[in-house]
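These notes are about the structure you will find just below.
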Amino acid sequence: MAGASTTTTTQLTIDGSVAPEVNIRELHEPKEREKWGRGIEFLLSCIALSVGFGNIWRFPYTAMQNGGGAFLIPYLIMLLLVGRPLYYLEMVMGQFASRGCIKVFDVAPLMRGVGVGQTLALLLILGYYAAVLSVSVRYSVASFGSPLAWARCEPDWSGCVDSEFKGRVQNASLRPSAEYYFNRTVLHNFWTVEDGIGVPDWKLAVCLLLCWMCITGILIKGIRSSGKASYFLAIFPYVILLVLLVRTCTLEGADQGILYLMKPQWEKLIDVQVWYAAVTQCFFSLTISLGSVIVFASYNSFTNNIYRDAMIISWLDTFTSIVSGIVVFVIVGNIAHITGNRVEDMQLQGPQLTFITYPDAIAKFDAAQNVFAVLFFLMFFLLGLGSNTGIVTTIVTAVRDRFPELPNWKVVISIAIYGFCCGLVYITPGGLHVLDVVDKYGVTLTTLTLVMLEIVTFCWMYGVEQIGHDIQLMLSRRTGVFWRVCWSFVTFGIIAVIWVFSFIQYTPLPVPLGVTVFGWCLYAFVISQVAIWAVYALCERKEEKLLDRIKAACQPTSDWGPEDSTVRSQYQTERSKRSEENRAQSVGVGKCVLRKMCNTFVQK
């Protein structure tokens with residue numbers, strides 16, 4: 001295909017004919033990619049994608065599990081050395097090539113399975129993110145009742161204390177009514193899945209259906225319609241979050257919670273598990289290593305200032321995580337104060353932390369409890385909606401990059417049906433146990449593995465030096481030493497060490513053996529895509545020797561480069577010239593790699 005296109009272009013140059021040029025472009029040039037309506041829509045869409053469940057839901061409970069302040073220090077360090085460099089790198093690769101999370105691996109077809117694996121991980125996330133979203137809808141409906149449904153204990157809730165109670169009880173074993181409401185009324189939780197996971201709650205099933213109808217409505221017309229929705233999805237939640245921050249800080253015991261979040265437990269800093277949690281939290285809060293950032297950037301114009309956007313989004317994401325963490329720990333401090341517990345003894349985790357602590361705090365408000373409850377769960381719904389639409393957009397793009405003839409609406413509806421069916425599993429009484437297994441094995445562990453292979457592909461095979469030239473071509477700016485060093489050594493080294501120790505210190509979840517085996521099967525299935533697609537790429541090559549096939553499959557495809565044909569021609573000419581110069585100076589693979597490492601510190 002590429003050869004035919006080149007021959008035809010030469011003939012047009014000689015003959016000077018204009019009409020055939022139009023026909024050739026229609027036959028051989030890819031259809032121009034749909035773009036964001038405005039640059040601000042890309043920025044707000046990325047904010048809506050990255051600032052969501054990872055901040056409001058996952059960050060507080062991850063901090064709770066890993067010692068509060070002991071987690072905050074590793075998180076900020078990992079954000080600087082891992083999160084931000086990867087976020088900027090993925091933006092660069094997506095915008096430069098205008099390709100989705102699978103097609104972008106045309107940069108090295110041998111590694112295309114990395115993009116496939118990331119898409120499969122997103123499909124797993126899609127199931128439980130929408131399920132958590134449905135719980136927020138369930139609470140939104142309950143927020144209109146007076147008194148609030150979770151504010152007071154039911155007669156059969158033994159060991160319960162009203163969440164609206166502002167005094168202090170002497171019995172430390174008592175739990176707030178908000179906790180009972182979540183476990184017994186909303187999810188009907190099973191404490192074990194030895195006998196199965198049960199049947200989905202019909203009320204949550206209706207809420208789940210409503211969520212998927214909203215997601216489908218936003219995305220059915222493509223990227224432009226989701227861009228318009230981002231104005232509301234990205235901005236409004238901050239108003240509510242800041243109001244909650246001011247109000248909750250006035251609760252009794254708030255200082256205990258803030259102290260626990262901010263005061264480091266230095267002995268925990270030598271625990272690899274804490275650093276492992278910090279890295280994975282960076283992935284979830286920024287939504288990196290899952291292909292979504294690449295996809296969103298691929299809809300940008302070629303010269304959009306993604307360096308500015310990456311800095312704004314990454315710092316805003318950090319700010320949101322810390323603010324939401326303060327709000328949650330303030331409320332946990334209040335619950336501990338009332339029940340006579342210590343903050344570190346509060347055993348709330350996963351979605352429970354969000355759907356117990358926030359409602360419990362709202363029940364203690366002196367006035368406008370219903371208003372605050374509706375606004376909070378509306379905020380949570382909008383944050384989740386932004387994250388879910390970003391995930392669906394990524395998957396839709398991956399499918400349509402491979403099958404461009406498929407209408408956008410058919411792909412969106414198909415994914416919505418899949419997501420709804422998967423979501424039903426997580427709204428069963430045993431659904432939280434399944435969520436923990438899928439999150440640990442199918443998402444967190446796979447993401448940590450795939451991101452190392454992503455770095456190898458972009459920074460080692462394609463090369464940090466070449467990425468620097470690409471940035472110069474796009475943004476007319478030089479790439480600083482910090483970014484080049486992180487991309488070449490630091491980021492990969494940190495992730496690799498934590499990945500190794502995550503296996504050394506592995507402890508299975510408290511679920512039946514069969515469920516654990518299922519989790520490892522998910523991990524194996526996602527990671528096996530790398531090997532499967534590597535073999536496929538090698539089989540496509542025409543070279544006789546295996547080593548020659550591997551070398552060729554590690555090189556970009558003939559059409560790799562910017563979407564615009566003129567800019568792509570300039571890029572390919574400059575890259576070919578540099579390749580010839582490097583080939584003349586290089587003797588073998590080892591020296592080639594060493595040269596790339598040395599050039600990390602000096603951009604030519």
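Cβ coordinates come from backbone N, Cα and C, glycine included.
Taken straight from TrEMBL:
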- 40-57: transmembrane segment (TRANSMEM)
- Val51, Asn55, Ser285, Leu383, Ser387: Na(+) binding site (BINDING)
- 69-89: transmembrane segment (TRANSMEM)
- 110-131: transmembrane segment (TRANSMEM)
- 202-220: transmembrane segment (TRANSMEM)
- 232-254: transmembrane segment (TRANSMEM)
- 274-299: transmembrane segment (TRANSMEM)
- 311-336: transmembrane segment (TRANSMEM)
- 371-399: transmembrane segment (TRANSMEM)
- 411-429: transmembrane segment (TRANSMEM)
- 441-464: transmembrane segment (TRANSMEM)
- 485-505: transmembrane segment (TRANSMEM)
- 517-539: transmembrane segment (TRANSMEM)
- 557-582: region 'Disordered' (REGION)
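Structure with TrEMBL features highlighted.
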residue : record             : Cβ neighbours (10 Å)
Val51   : Na(+) binding site : 28
Asn55   : Na(+) binding site : 28
Ser285  : Na(+) binding site : 26
Leu383  : Na(+) binding site : 29
Ser387  : Na(+) binding site : 29
Checklist line | Closest-packing stretch to the transmembrane segment (40-57), where packing means Cβ pairs under 8 Å, from 69-89, 232-254, 274-299, 311-336, 411-429 | finding: 274-299
Margin query: Assess whether the transmembrane segment (371-399) lies in contact with the transmembrane segment (311-336), where contact requires at least three Cβ pairs under 8 Å among residues 6 or more apart in sequence.
Written below: no
Item checked: Stretch-level contact, the transmembrane segment (110-131) and the transmembrane segment (69-89), CB cutoff 8 A, at least 3 pairs -> no
Margin query: An 8 Å radius from the center of the Val51, Asn55, Ser285, Leu383, Ser387 Cβ atoms defines the neighbourhood of the Na(+) site; name the other residues of that chain inside it, in order.
Written below: Leu49, Ser50, Gly52, Phe53, Gly54, Ile56, Asp317, Thr320, Gly386
Check: With pairs closer than 6 in sequence left out, are the transmembrane segment (411-429) and the transmembrane segment (441-464) joined by 3 or more CB pairs under 8 Å?
Finding: no
Notebook entry, point to check: Would you call the transmembrane segment (485-505) and the transmembrane segment (202-220) in contact, using three or more Cβ pairs under 8 Å, pairs 6 or more apart in sequence?
Noted result: no
Checklist line | Cβ contacts under 8 Å made by the transmembrane segment (202-220) with residues that lie 6+ beyond its boundaries | finding: 130-131, 133-135, 137-138, 141, 186-187, 226, 229, 384-385, 388-389, 392-393, 396, 408-409, 412-413, 416, 419-420, 423-424, 427
Notebook entry, point to check: Can you name the far-off residues of the same chain, 6+ from the ends of the transmembrane segment (517-539), with a Cβ under 8 Å from a Cβ of it?
Noted result: 109-114, 116-117, 120-121, 124, 437-438, 440-442, 445-446, 449-450, 453, 509, 546, 549-550, 553
Next item on the list: May I ask which of the stretches 69-89, 232-254, 311-336 has the most CB pairs under 8 A with the transmembrane segment (274-299)?
Entry: 69-89
